[in-house]
Every structure is written in C-alpha cells, then in structure tokens.
Amino acid sequence: MASPTPTLFLLLGLAVFSFFITSSADPDMLQDLCVADLSSGIKVNGFPCKDAASVSSSDFFSQGLANPGLTNNTFGALVTGANVMTIPGLNTLGVSLSRIDYAPGGLNPPHTHPRATEVVFVLEGTLDVGFLTTANKLISQSLKKGDVFAFPKGLVHFQKNNGRVPASVIAAFNSQLPGTQSLGATLFGSTPPVPDNILAQAFQTSPGTVKHIKTKFQPKK
C-alpha cells in the first residue's frame, strides 16, 4: 500500500483548518484582550481595541442582569442584553448573555439570531419553547426551573410563558453580539417598509390586511 503523499497531508491539514475557522461563530482573538472602543468611528468586523493603558475592570463588569426587567409591554416579555455593547471587554471573546423576563402569558415572539446559537437556563417559572427547522418541523419542549434548552444558530424560535406566575431565563450565546431579527417587526415594521403587495402575496392575504398589521408595528409616539 502506497504511503500518503505530502499533497494529501496538505489537503487534510487545509480541511481541518477550514473546519475550525467555519465552526466558530465569531473570529478568534489575536491577543489577550481587545476592549471595544465603542466611541470610535472606525468600522470593522467587531470593534477596534481601546488603548490598553485605559482598560479597567469596569470594561468586563455588569450588574445589568441582576434584577428582573419590566414586562409591561405589548408582548409581556423583556430581553436585557449583556453583550459587547454593555460589556466592552467581550469584544473578540465570542460570548455574551441575556436575561429574559416573562409576565404570565408573556411571549418572546418568533425571531432568529443570525450570528449565534442560544442556550437558555430557566431561573424561575415555566415556559413552552420551540424552534423550526428548515424542513418546517417544529421542535418544542415544556421547561421548568433548572431546565436547559438549545436553539440552533439562525433558526426561528420562540418562548411563551403559559403559567400563572412570572418566568425568567438566562440565555448564553456563542457571539459577542448575536443580533436579533423578530419576524413580525422585521417584515411589518421595517424602514423603508416592505411593499404591501409583496407581503400580501407572501402571506396569501389582502393589502388591506397587511396595512392593518403594519399599524401594530409602528414606533410608539
């Protein structure tokens, strides 16, 4: 049997290297830390590094998730982020958290995170959660305090509190800024708006119905 050639080893090496590059949600860091300079006007994939001499512990610290968020809104739920925008030290680290609070009956409506997988840990209460695959299969589960559930990157998912008491979770992401696209707000509340006839045809309804739905997603005045 012939021995592997150097070319074969090179191809295998490139394949392994490509796997690790593509499996990471965020680019790998190239230094110990790169605290985000959020005031910089420079546009890069992420944020430029703050001067190392001005870095302090406050760049890596937040108390933003300590208390429940106010859920007296349209959906009865509130997401509080702990990402690079609130903890600049997360820049290039590829991780972030959120706290999500739900009033009884509250809903975190169908949405996606285009840059991250999400894992939730239930702090209090009960939730009915689920995500949709690209084959339109619903994967759903009822969760209670202490349970963990994962939502794959980029797939549409939701969480609903069908209980009689408030619920809350801590959500972890493999991105410093996972991004969120809520389907309703994205399609019916965009600026400039998606044309009515496109949405009417897509949802097999009338332009008048689309106009009515759009009024529900207009900014509050």
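Using the three backbone atoms N, Cα and C, a Cβ is placed for every residue, glycine included.
According to TrEMBL, the Mn(2+) binding site annotation covers His111, His113, Glu118, His157. Residues or ranges marked as disulfide bond by TrEMBL: Cys34-Cys49. Per TrEMBL, the feature domain 'Cupin type-1' maps to 63-211. Look at TrEMBL and you will find 1-25 tagged as signal peptide.
Considering other CB atoms within 10 Å as the measure, the emptiest surroundings among the disulfide-bonded residues Cys34, Cys49 are those of Cys49. Looking at His111, His113, His157, the binding-site residues in this record, the fewest other C-beta atoms within 10 angstroms of the C-beta turn up around His111.
Regional average pLDDT for the domain 'Cupin type-1' (63-211) in the model is 97. Taking DSSP states H, G and I as helix and E and B as strand, the domain 'Cupin type-1' (63-211) has 21 helix, 55 strand, 73 coil. Cβ-based neighbour count (10 Å, all protein chains) for Glu118 (Mn(2+) binding site) stands at 23. Excluding His111, His113, Glu118, His157 themselves, the residues of that chain whose CB lies within 8 A of the CB mean position for the Mn(2+) site are, in sequence, Thr112, Phe131, Phe151, Leu155, Val156, Pro178, Thr180.
Distance between Cα atoms for His113 (Mn(2+) binding site) and Cys34 (disulfide bond): 24 Å, as a whole number. Taking the Cα of Cys34 (disulfide bond) as the reference point, the closest of the binding-site residues His111, Glu118, His157 is Glu118. Of His111, Glu118, His157, all annotated as binding-site residues, the residue with the shortest Cα distance to Cys49 (disulfide bond) is Glu118.
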